[in-house]
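Taken from TrEMBL, the feature active site covers D49, H262. Look at TrEMBL and you will find C52 tagged as active site, nucleophile. Per TrEMBL, the feature site 'Linear diubiquitin binding' maps to E237.
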Amino acid sequence: YKLSVSPEMDIMEYCRKEWRGNTPAAKRMRKGYEAVAQKFASIRRIRGDNYCAFRATLFQALSQATQLPRWLQSENFTTLPENLLSKYDWIKQWQLKQKPGKKMGETSDEIKEYLILLRKKWKNISEIKGPLEKQEACDKLFKNEEEEYSLYEALKFLMLNTAIELYNADKSGKRVPVFSWLLFARDTSSNPCQLMHNHLNHIGHSGGLEQVEMFLLAYALQYTIQVYRLYKYSTDEFITLYPNDPEEDWPVVTLITEDDRHYNIPVRMCQETML
(Lines of atoms letter the chains of each structure in order from A and count residues from 1; the text may use other names and numbers.)
(Lines give C-alpha, C1' and ligand atoms only; values in the text may rest on other atoms or scores of the structure.)
Protein backbone atom coordinates (compact mmCIF):
# COMPACT_ATOMS: atom_id res chain seq x y z
CA TYR A 1 0.00 0.00 0.00
CA LYS A 2 1.51 3.28 -1.08
CA LEU A 3 0.97 6.52 0.78
CA SER A 4 -0.10 9.32 -1.53
CA VAL A 5 1.64 11.96 0.56
CA SER A 6 4.44 10.75 2.84
CA PRO A 7 4.97 12.17 6.34
CA GLU A 8 7.20 15.21 6.54
CA MET A 9 10.96 14.95 6.71
CA ASP A 10 13.69 17.55 7.23
CA ILE A 11 14.57 18.99 3.81
CA MET A 12 18.34 18.85 4.15
CA GLU A 13 18.21 15.35 5.61
CA TYR A 14 16.15 14.27 2.60
CA CYS A 15 18.62 15.96 0.25
CA ARG A 16 21.62 14.24 1.85
CA LYS A 17 19.92 10.87 1.45
CA GLU A 18 19.01 11.44 -2.19
CA TRP A 19 22.07 13.30 -3.49
CA ARG A 20 25.26 11.86 -2.07
CA GLY A 21 27.68 11.96 -4.99
CA ASN A 22 30.04 14.66 -6.22
CA THR A 23 28.71 14.92 -9.74
CA PRO A 24 27.82 18.41 -11.01
CA ALA A 25 24.15 17.38 -10.94
CA ALA A 26 24.31 16.29 -7.28
CA LYS A 27 26.08 19.52 -6.30
CA ARG A 28 23.45 21.59 -8.11
CA MET A 29 20.63 19.67 -6.41
CA ARG A 30 22.18 20.20 -2.98
CA LYS A 31 22.49 23.94 -3.66
CA GLY A 32 18.86 23.97 -4.80
CA TYR A 33 17.68 22.20 -1.66
CA GLU A 34 19.73 24.58 0.50
CA ALA A 35 17.94 27.50 -1.14
CA VAL A 36 14.52 25.91 -0.49
CA ALA A 37 15.58 25.22 3.12
CA GLN A 38 15.98 28.99 3.63
CA LYS A 39 12.18 29.20 3.32
CA PHE A 40 10.80 25.78 4.30
CA ALA A 41 11.86 23.34 7.01
CA SER A 42 10.40 20.06 5.73
CA ILE A 43 9.49 18.14 2.61
CA ARG A 44 6.70 15.64 1.97
CA ARG A 45 7.18 13.12 -0.81
CA ILE A 46 4.34 12.78 -3.28
CA ARG A 47 3.48 9.37 -4.65
CA GLY A 48 5.07 9.01 -8.05
CA ASP A 49 2.43 8.09 -10.57
CA ASN A 50 1.27 10.22 -13.47
CA TYR A 51 -1.00 12.24 -11.19
CA CYS A 52 1.75 13.71 -9.02
CA ALA A 53 1.40 17.31 -10.31
CA PHE A 54 -2.34 17.21 -9.50
CA ARG A 55 -1.70 15.53 -6.17
CA ALA A 56 0.95 18.02 -5.04
CA THR A 57 -1.02 21.08 -6.19
CA LEU A 58 -4.35 19.99 -4.75
CA PHE A 59 -2.85 18.86 -1.46
CA GLN A 60 -1.14 22.23 -1.00
CA ALA A 61 -4.27 24.16 -2.02
CA LEU A 62 -6.51 22.24 0.38
CA SER A 63 -4.09 22.28 3.29
CA GLN A 64 -4.05 26.09 3.26
CA ALA A 65 -7.66 26.68 2.15
CA THR A 66 -9.63 29.06 4.36
CA GLN A 67 -12.58 29.61 2.03
CA LEU A 68 -14.25 28.18 -1.04
CA PRO A 69 -12.84 29.77 -4.23
CA ARG A 70 -15.30 31.93 -6.16
CA TRP A 71 -15.43 29.59 -9.15
CA LEU A 72 -16.46 26.71 -6.88
CA GLN A 73 -19.34 28.77 -5.52
CA SER A 74 -20.91 29.55 -8.89
CA GLU A 75 -24.43 28.27 -9.54
CA ASN A 76 -23.63 26.52 -12.81
CA PHE A 77 -20.43 24.82 -11.59
CA THR A 78 -21.99 21.37 -11.31
CA THR A 79 -23.89 21.64 -14.62
CA LEU A 80 -20.62 22.16 -16.53
CA PRO A 81 -20.53 18.62 -18.01
CA GLU A 82 -24.04 18.77 -19.48
CA ASN A 83 -23.55 22.36 -20.67
CA LEU A 84 -20.33 21.53 -22.48
CA LEU A 85 -21.75 18.30 -23.90
CA SER A 86 -24.71 20.14 -25.38
CA LYS A 87 -22.24 22.26 -27.39
CA TYR A 88 -19.37 19.85 -28.10
CA ASP A 89 -20.30 16.36 -29.12
CA TRP A 90 -16.67 15.21 -29.12
CA ILE A 91 -16.55 15.40 -25.30
CA LYS A 92 -18.35 12.06 -25.40
CA GLN A 93 -14.89 10.56 -25.90
CA TRP A 94 -13.70 11.77 -22.50
CA GLN A 95 -11.74 8.95 -20.86
CA LEU A 96 -12.64 8.25 -17.27
CA LYS A 97 -9.99 6.61 -15.14
CA GLN A 98 -10.23 2.80 -15.29
CA LYS A 99 -13.60 3.08 -16.95
CA PRO A 100 -12.93 2.95 -20.69
CA GLY A 101 -15.85 2.28 -22.99
CA LYS A 102 -18.55 3.74 -20.76
CA LYS A 103 -21.61 5.20 -22.41
CA MET A 104 -21.52 8.95 -22.40
CA GLY A 105 -24.80 9.57 -20.60
CA GLU A 106 -23.16 8.02 -17.58
CA THR A 107 -19.90 9.91 -18.05
CA SER A 108 -21.65 13.27 -17.80
CA ASP A 109 -23.27 12.17 -14.52
CA GLU A 110 -19.99 10.84 -13.24
CA ILE A 111 -18.06 14.00 -13.95
CA LYS A 112 -20.85 15.90 -12.23
CA GLU A 113 -20.37 13.67 -9.17
CA TYR A 114 -16.64 14.39 -9.22
CA LEU A 115 -17.27 18.14 -9.37
CA ILE A 116 -19.74 17.92 -6.48
CA LEU A 117 -17.17 15.91 -4.49
CA LEU A 118 -14.47 18.53 -5.18
CA ARG A 119 -16.74 21.32 -3.96
CA LYS A 120 -17.77 19.36 -0.86
CA LYS A 121 -14.23 18.40 0.17
CA TRP A 122 -12.90 21.91 -0.45
CA LYS A 123 -15.73 23.43 1.60
CA ASN A 124 -15.32 20.98 4.49
CA ILE A 125 -11.56 21.37 4.72
CA SER A 126 -11.62 25.17 4.35
CA GLU A 127 -14.04 25.41 7.29
CA ILE A 128 -11.65 23.60 9.66
CA LYS A 129 -10.00 26.26 11.81
CA GLY A 130 -7.15 24.45 13.57
CA PRO A 131 -4.03 23.86 11.41
CA LEU A 132 -3.46 20.39 12.88
CA GLU A 133 -7.05 19.27 12.28
CA LYS A 134 -6.91 20.70 8.77
CA GLN A 135 -3.72 18.76 8.07
CA GLU A 136 -5.29 15.56 9.42
CA ALA A 137 -8.33 16.01 7.19
CA CYS A 138 -6.06 16.44 4.14
CA ASP A 139 -4.00 13.38 5.08
CA LYS A 140 -7.17 11.37 5.44
CA LEU A 141 -8.55 12.49 2.07
CA PHE A 142 -5.32 11.59 0.29
CA LYS A 143 -5.42 8.09 1.79
CA ASN A 144 -8.79 7.41 0.17
CA GLU A 145 -7.79 6.29 -3.29
CA GLU A 146 -11.23 6.35 -4.86
CA GLU A 147 -12.02 9.88 -3.71
CA GLU A 148 -8.56 11.11 -4.53
CA TYR A 149 -8.70 9.92 -8.16
CA SER A 150 -12.22 11.28 -8.53
CA LEU A 151 -10.87 14.71 -7.59
CA TYR A 152 -8.18 14.45 -10.28
CA GLU A 153 -10.87 13.66 -12.86
CA ALA A 154 -12.65 16.83 -11.74
CA LEU A 155 -9.44 18.85 -12.16
CA LYS A 156 -8.87 17.43 -15.64
CA PHE A 157 -12.38 18.39 -16.67
CA LEU A 158 -11.90 21.91 -15.30
CA MET A 159 -8.72 22.16 -17.38
CA LEU A 160 -10.69 21.17 -20.48
CA ASN A 161 -13.33 23.79 -19.69
CA THR A 162 -10.63 26.46 -19.21
CA ALA A 163 -8.95 25.44 -22.48
CA ILE A 164 -12.26 25.78 -24.35
CA GLU A 165 -12.83 29.24 -22.83
CA LEU A 166 -9.32 30.41 -23.78
CA TYR A 167 -9.57 28.97 -27.29
CA ASN A 168 -12.93 30.68 -27.92
CA ALA A 169 -11.70 33.96 -26.45
CA ASP A 170 -8.69 33.92 -28.77
CA LYS A 171 -10.82 33.09 -31.81
CA SER A 172 -13.12 36.02 -31.06
CA GLY A 173 -10.17 38.41 -30.87
CA LYS A 174 -9.94 38.80 -27.09
CA ARG A 175 -6.62 38.95 -25.27
CA VAL A 176 -5.47 35.61 -23.93
CA PRO A 177 -2.37 34.69 -21.90
CA VAL A 178 0.72 33.74 -23.91
CA PHE A 179 0.69 30.13 -22.67
CA SER A 180 -2.68 29.69 -24.40
CA TRP A 181 -1.04 30.30 -27.81
CA LEU A 182 1.69 27.83 -26.91
CA LEU A 183 -0.88 25.27 -25.78
CA PHE A 184 -2.69 25.41 -29.12
CA ALA A 185 0.48 25.81 -31.20
CA ARG A 186 1.42 22.17 -30.55
CA ASP A 187 0.75 19.79 -33.45
CA THR A 188 -0.98 17.49 -30.97
CA SER A 189 -3.34 20.10 -29.51
CA SER A 190 -4.28 22.70 -32.10
CA ASN A 191 -7.80 22.84 -30.63
CA PRO A 192 -9.56 21.69 -27.42
CA CYS A 193 -10.76 18.44 -29.01
CA GLN A 194 -7.17 17.41 -29.84
CA LEU A 195 -6.02 18.58 -26.42
CA MET A 196 -8.54 16.21 -24.86
CA HIS A 197 -7.70 13.24 -27.11
CA ASN A 198 -3.92 13.54 -27.13
CA HIS A 199 -3.19 14.99 -23.71
CA LEU A 200 -5.91 15.24 -21.06
CA ASN A 201 -7.21 11.72 -21.71
CA HIS A 202 -3.69 10.38 -21.09
CA ILE A 203 -2.89 12.25 -17.88
CA GLY A 204 -2.72 9.74 -15.06
CA HIS A 205 -2.62 6.80 -17.45
CA SER A 206 0.42 7.12 -19.70
CA GLY A 207 1.75 10.58 -18.88
CA GLY A 208 1.81 13.47 -16.45
CA LEU A 209 1.44 17.21 -16.99
CA GLU A 210 3.71 18.99 -19.42
CA GLN A 211 4.99 22.49 -18.64
CA VAL A 212 2.34 24.27 -20.68
CA GLU A 213 -0.37 22.20 -18.97
CA MET A 214 0.87 23.41 -15.57
CA PHE A 215 -0.22 26.88 -16.73
CA LEU A 216 -3.61 25.49 -17.71
CA LEU A 217 -4.00 23.83 -14.29
CA ALA A 218 -3.11 27.12 -12.56
CA TYR A 219 -5.73 28.98 -14.63
CA ALA A 220 -8.38 26.33 -14.01
CA LEU A 221 -7.85 26.56 -10.23
CA GLN A 222 -7.15 30.32 -10.22
CA TYR A 223 -4.07 29.61 -8.13
CA THR A 224 -0.48 30.64 -8.71
CA ILE A 225 1.69 27.51 -8.69
CA GLN A 226 5.22 28.41 -7.61
CA VAL A 227 7.75 25.69 -8.40
CA TYR A 228 11.33 25.34 -7.22
CA ARG A 229 12.93 23.62 -10.24
CA LEU A 230 16.07 22.30 -8.61
CA TYR A 231 17.92 21.30 -11.75
CA LYS A 232 17.64 24.94 -12.90
CA TYR A 233 19.43 26.21 -9.77
CA SER A 234 21.42 29.43 -10.40
CA THR A 235 19.39 30.25 -13.53
CA ASP A 236 16.43 32.62 -13.69
CA GLU A 237 14.15 29.61 -14.09
CA PHE A 238 15.02 28.22 -10.66
CA ILE A 239 11.75 29.56 -9.23
CA THR A 240 9.08 29.37 -11.92
CA LEU A 241 5.59 30.75 -11.55
CA TYR A 242 2.61 29.32 -13.38
CA PRO A 243 1.26 31.67 -14.67
CA ASN A 244 4.25 34.03 -14.79
CA ASP A 245 2.02 37.11 -14.52
CA PRO A 246 -0.43 35.90 -11.86
CA GLU A 247 -3.50 37.78 -10.75
CA GLU A 248 -2.79 39.50 -7.44
CA ASP A 249 -5.67 37.92 -5.57
CA TRP A 250 -4.80 34.34 -6.55
CA PRO A 251 -3.50 32.25 -3.63
CA VAL A 252 -0.03 30.70 -4.07
CA VAL A 253 0.96 27.05 -3.63
CA THR A 254 4.58 25.91 -3.67
CA LEU A 255 5.97 22.68 -5.17
CA ILE A 256 9.48 21.26 -5.69
CA THR A 257 10.69 19.34 -8.72
CA GLU A 258 14.06 17.88 -9.66
CA ASP A 259 13.17 17.21 -13.30
CA ASP A 260 9.79 18.81 -14.26
CA ARG A 261 8.20 15.36 -14.13
CA HIS A 262 7.84 14.46 -10.49
CA TYR A 263 6.71 16.96 -7.84
CA ASN A 264 7.11 16.97 -4.05
CA ILE A 265 5.92 19.60 -1.60
CA PRO A 266 7.80 21.80 0.87
CA VAL A 267 6.02 22.35 4.19
CA ARG A 268 6.52 24.34 7.39
CA MET A 269 7.58 27.81 6.42
CA CYS A 270 10.57 29.01 8.44
CA GLN A 271 9.64 31.67 10.99
CA GLU A 272 11.65 34.49 9.36
CA THR A 273 9.94 33.85 6.05
CA MET A 274 6.49 34.13 7.60
CA LEU A 275 7.37 37.53 9.06
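Note: Cβ is positioned from N, Cα and C throughout, glycine not excepted.
Predicted, not measured: the structure shown is a model, and the values here were computed from it.
Using a 10 Å radius centred on the Cβ of H262 (active site) and all shown protein chains, the other Cβ atoms total 18. When other Cβ atoms within 10 Å of the Cβ of C52 (active site, nucleophile) are tallied across all protein chains shown, the result is 22.
Contacts of D49 (active site) defined by a Cβ separation under 8 A and a same-chain sequence distance of 6+ are given as G204, in order along the sequence. Here the C-alpha separation of E237 (site 'Linear diubiquitin binding') and C52 (active site, nucleophile) works out to 21 Å. Taking only the Cα positions, the spacing between the residue listed as 'active site, nucleophile' and H262 (active site) is 6 angstrom. Take the CB of E237 (site 'Linear diubiquitin binding') and look out to 10 A: across all protein chains shown you find 11 other CB atoms.
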